[in-house]
Amino acid sequence: MDSEHHETPFGCQMEALRGVGGYTYLLEPLWWAGMITMIIGEIANFVAYIYAPAVLVTPLGALSIIVSAVLAHFLLKERLQKMGVVGCLSCIVGSVIIVIHAPQEHTPDSVEEIWDLATQPAFLVYIAAIASLVLALMLYFEPRYGHVNILVYLGICSLMGSLTVMSIKAIGIAIRLTLEGISQVAYPQTWLFVTVAVVCVITQLNYLNKALDTFNAALVSPVYYAMFTTLTIIASAIMFKDWSGQNASTIVSELCGFITVLSGTIILHSTREQQPVSSQGSVAWYISGDSMKSIEEHLITISNSHYTEE
């Protein structure tokens, strides 16, 4: 039988399956429950940036990884290995250290004050460096190394992500002041921060999806977390001067806590159990335009205990 009889019907069946089941998850109550809780979590994360420094909020995002691992263990039957438990404990210990030594933040009283922080020479140098690196990665490195080096896509995501957090924090403070009766809507700086946030978020999501399409998610997640968190801490320390007034021992303790969280995240992802491959599969093909036939095909497993060389 020639190759046309094998490939064409199978391709038609794959297209049919995509057309039929592409959006069936919208009918699942569990999917909606997950979507709603994710939205609530992002809103809470947004509020956290208003009242706490980014150097505290961003590293604590690793706690979501722990929750995901625990829920996957019970709901999806993905076994959490012993080293995975060690990774979870490391994230918890590191998070406690960060919280204990977290700096006290001075909250700006207006968008204009935030703008003054964003236009200080040190942060302008940081913005110029970010823009230069992003353009270099997009224009030179992505066409040549984007599909072979994970740092290209994730570098763009992380660099833009640090600016996203700074803009989101400014927008959150503007919203809080407006709700308190001090309207910030008329300030052009407010809408400039909104524009920057939208551009950065779109760019960030675009290249994150490229990274996930190209590389293993188990590798993307810890690398992206490490780069994004590190750059966000640096950006916040420059713009909002999070570490001003703290002594060297406190800053070192915070950095140790972050390194502990980072180590736990890497351990947790590196020990993720691979999903077992099913020993059975189904093959379906079209006989005519409006009928389909399915058969069950058992895959043959060859092992040392059952294979005898003739």
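Using N, Cα and C of the backbone, Cβ positions are placed for all residues, glycine too.
So that you can see what the record holds, here are the features copied from TrEMBL:
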{"type": "TRANSMEM", "residues": "30-51", "note": "transmembrane segment"}
{"type": "TRANSMEM", "residues": "57-76", "note": "transmembrane segment"}
{"type": "TRANSMEM", "residues": "83-103", "note": "transmembrane segment"}
{"type": "TRANSMEM", "residues": "123-141", "note": "transmembrane segment"}
{"type": "TRANSMEM", "residues": "150-179", "note": "transmembrane segment"}
{"type": "TRANSMEM", "residues": "191-208", "note": "transmembrane segment"}
{"type": "TRANSMEM", "residues": "215-239", "note": "transmembrane segment"}
{"type": "TRANSMEM", "residues": "251-268", "note": "transmembrane segment"}
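Through the fold, the transmembrane segment (57-76) approaches residues 41, 45, 48-49, 84, 88, 91-92, 94-95, 98-99, 165, 221, 225, 228-229, 232-233, 236, 257-258, 261-262, 264-265, 268-269 of its own chain, all at least 6 residues removed from its boundaries and within a Cβ separation under 8 Å. With Cβ pairs under 8 Å as the measure, the transmembrane segment (215-239) is packed most heavily against 150-179, out of 30-51, 83-103, 123-141, 150-179, 251-268. Panel annotation: around the transmembrane segment (251-268), residues 55, 59, 62, 65-66, 69, 83-84, 86-98, 100-103, 221-222, 225-226, 229, 233, 243 of the same chain, lying at least six beyond its termini, place a Cβ under 8 Å from a Cβ of the stretch.
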